[in-house]
Amino acid sequence: MNEKSYRSRDVVEGPEHAGNRAHLKCVGLIEDELERPFIGVVNTFNEMHPGHMHLQELSQAVKDGIRREGGIPFEFNTIAICDGITQGNIGMCSVLPSRDVIVDSIEVTAEAQRLDGIVIIATCDKIVPAAIMAVGRLNIPAVILCGGVMLSGRYKGRNLAIHQIREVSAQISTGGVSEEELKVMEEAICPTAGGCSMLGTANTMACLAEALGLTIPGSSTTPAVYSRKKREAKLSGITVVRLVKEDIKPRDIVTKASVENMLTINMAIGGSTNTTLHIPAIASEFGYKVTPRDFERVSRSTPHLANVKPSGKYAMQEFDEAGGVPAVIQELGEKHLDLKVMTVNGITLGQYPVNRQSIIDDIITTLDKPLHEEGSIAILQGNLAPEGAVCKQSAIVENMKVHTGPARVYESQEDAIDAMKKGEIQEGDVIVIRYEGPKGGPGMREMHAATTALVGMGLSTSTALITDGRFSGASRGPLIGHISPEAAAGGPIALIKNGDMIHIDIPKREISVALSSEELTERRKTWQPLPPKAVGKYLTRYSNLVGSVWDGAQLGDGSKI
């Protein structure tokens, strides 16, 4: 790109912009630096959660790389919320809505300051998808730097991830574990900075950023505390300046084939059910559409290969040692992927180098002997979910993949947990938690506190849980979420009563209630929606403007008001 075509010329060129230049000189720029490309470094650092507490050091390395290649870095911040801290409380209502705040804030800053390129540093559940969405929307040269993976906690000789302590904590009420034992686990389970050490939503989305070709190869699974992560940060800074000079933009990298690759790799690694929200939202920012049928089609044809928690037995650093995403790409090969798509690194996806250090051969399984024959996610439909529902079939025991049981209906996650603690839930029941959708929550809370209680109390092999809310990427068990239409929109889940028989058949992709259309119509005559659980100006706006879960639960632009 000729420097005269840099967007930043809008800020610094001509006598009429003397005041603009004066401001930039005030922050330390010298004359010749005004001619160089201006690169934004979006640092989502904060002091309140492990995934983002270490990003200051990475940001410095990114800036070093930018300067080395002749760019001028400008660091700015945006918000980052920790799902783990909001689990089981009303704060979770704000987490999914925060994704759109992050995207908007990056867009507004980059457009206002006329940045020529951008590096976004992100680690956790909503921040990584927001980063991908932002680069698609802005379409200026960009690189995403994932903050890295937390090392596993160690307790009594075992590697543990955070979801396991939540499951154990549910045993306090039954005497299965003492408070002293829980405290020891609590202090051991999160030993380092980084995204939680499993293929939950955070690490799934990092892997998908790499699958799209928007990161340095192999960087999505690098532990946060490894020195390699600093080198990846510096390379990210170098790479973005090269992209600016060559005028290569995200939409030049991410094509329809790239989106298809993202869907396939998501299924192969055992990705989180939250990807059914984030992938459609990401695709739309790049000008593509992903539907429930696309998830279902790809799941049916893609084997699950990554034997990683919570769907498998290994931790994220072991996945990294087995080669991470590049090794999965190599195993899937041309049979399942378009390996000719380009990446920000100037090489194709098929040219990603594979760095295998592990001698364990079942961390990433082969196409001949996959962990599961199908991908991790299944899309269900039926009279209970006319628009669809989602489950992580790779994390469900075989005997619960077909189940019929009586409904036990609760209007909130907290009510369901109380019922479990009181022994009101019996084996064979189907727990129904409703009014937790995007509009009704509002904000579509994760039901992680309820699902870990289900596992901890030994009910996950006999009792199902269905909801119009969503689940943590760490969740496992017979869990059906994203039921649509949601209760607040008058979906059939709002009409269910205690004792109604609910049928789940994952192989056939069905979820239904044993009620005729006439019975549902009769019940609808007396139905009244419940008020939202959380209020506030932003959540009210979100509830009014949020789109369907199948469009990514994106905040609308207000054009329909």
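Even glycines carry a Cβ here, placed using N, Cα and C.
Taking a C-beta cut-off of under 8 angstroms and a sequence separation of 6 or more, Ser472 (active site, proton acceptor) has the following same-chain neighbours: Asp83, Gln87, His163, Gly200, Thr201, Ser272, Glu446, Met447, His448, Thr451. If you look up TrEMBL, you'll see Ser472 marked as active site, proton acceptor.
Cβ neighbour count for Asp83 (Mg(2+) binding site) (all protein chains, 10 Å cutoff from its Cβ): 26. DSSP assigns Asp83 (Mg(2+) binding site) to a helix in the three-state reduction. The Mg(2+) binding site feature in TrEMBL is assigned to Asp83, Asp125, Lys126, Glu446.
Here TrEMBL flags 36-351 as domain 'Dihydroxy-acid/6-phosphogluconate dehydratase N-terminal'.
On the 0 to 100 pLDDT scale, the domain 'Dihydroxy-acid/6-phosphogluconate dehydratase C-terminal' (362-553) averages 94 in this prediction. According to TrEMBL, the domain 'Dihydroxy-acid/6-phosphogluconate dehydratase C-terminal' annotation covers 362-553.
Around the Cβ of Lys126 (Mg(2+) binding site), the same chain contributes Ile81, Asp83, Val95, Leu96, Ser98, Arg99, Ile102, each under 8 angstroms and 6 or more positions distant in sequence. Per TrEMBL, N6-carboxylysine is recorded for Lys126.
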Residues near the Mg(2+) site, Asp83, Asp125, Lys126, Glu446 excluded, by Cβ within 8 Å of the Cβ center?
Ile81, Thr86, Met92, Val95, Leu96, Cys124, Thr201, Ala202, Asn274, Ser472, Gly473
What are the sequence-distant neighbours of Asp125 (Mg(2+) binding site), meaning same chain, six or more residues apart, C-beta distance under 8 angstroms?
Asp83, Val95, Gly200, Thr201, Ala202, Met205, Asn274, Gly473
